[in-house]
Amino acid sequence: MFDLTGKHVCYVADCGGIALETSKVLMTKNIAKLAILQSLENPQAIAQLQSIKPSTQIFFWTYDVTMAREEMKKYFDEVMVQMDYIDVLINGATLCDENNIDATINTNLTGMMNTVATVLPHMDRKMGGSGGLIVNVTSVIGLDPSPVFCAYSASKFGVIGFTRSLADPLYYSQNGVAVMAVCCGPTRVFVDRELKAFLEYG
């Protein structure tokens, strides 16, 4: 099992329950630093996380995962000043809006790919990094499509394809960065939304 003791973790998150609950677990793993990058600040959640492990340093940055690549590079240069290095990158930003296909694809797929492309050089052993782990959070709908969430499903299929490509042993042998996907099941909020959309469609 991957030992997180003393590690520096960067979590690109949305504002949902999965991100908060995952962060709570991370805070029990003796990590040294946790950077949380998401669109909205939540001081109460940060305080709750800090209470779990006061010795872990938590940093928060407001982050737009859809920003241009060049802007993203400058952004992470500032993040690295505080983090020094990144051992684990978690890409958890997600959006489900069938009425806004561009935003859904840009958040779930393009933004995630740009984030990986921006952070990977900081982790790459050939470029002075220490290697590590990238976790791309996707969905079971990326494995088995949903008839009422076509754009969301397509974006999550893309995440799995991108992740499987980067997870090839050839890459790991050169950069020391393992890549994996976590396919989350339905949450109550998502199920309620899917049922409502299905009934409206019917």
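Including glycine, each Cβ sits where the backbone N, Cα and C put it.
Swiss-Prot has this to say about the protein:
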type: BINDING; residues: 11-34; note: NAD(+) binding site
type: BINDING; residues: SER139; note: substrate binding site
type: ACT_SITE; residues: TYR152; note: active site, proton acceptor
Least surrounded among the binding-site residues, given as SER23, SER139, when other CB atoms within 10 Å are counted: SER23
Same chain, 6+ residues apart, C-beta under 8 Å of the C-beta of LEU26 (NAD(+) binding site), given in sequence order: LEU4, VAL9, TYR11, LEU34
Most crowded position, judged by CB atoms within 10 A, among TYR11, TYR152 as recorded positions: TYR152
In three-state DSSP terms, the structure that ASP14 (NAD(+) binding site) belongs to: coil
Alpha-carbon spacing, LEU20 (NAD(+) binding site) to SER139 (substrate binding site), which is rounded to whole Å: 17
Neighbourhood of ALA32 (NAD(+) binding site), C-beta criterion under 8 angstroms, separation at least six: GLY6, LYS7, HIS8, THR56, GLN57
In three-state DSSP terms, the structure that LYS29 (NAD(+) binding site) belongs to: coil
Inter-residue Cα distance where the pair is the residue listed as 'active site, proton acceptor' and SER23 (NAD(+) binding site), in Å: 24
For SER139 (substrate binding site): DSSP state (helix, strand, coil): strand
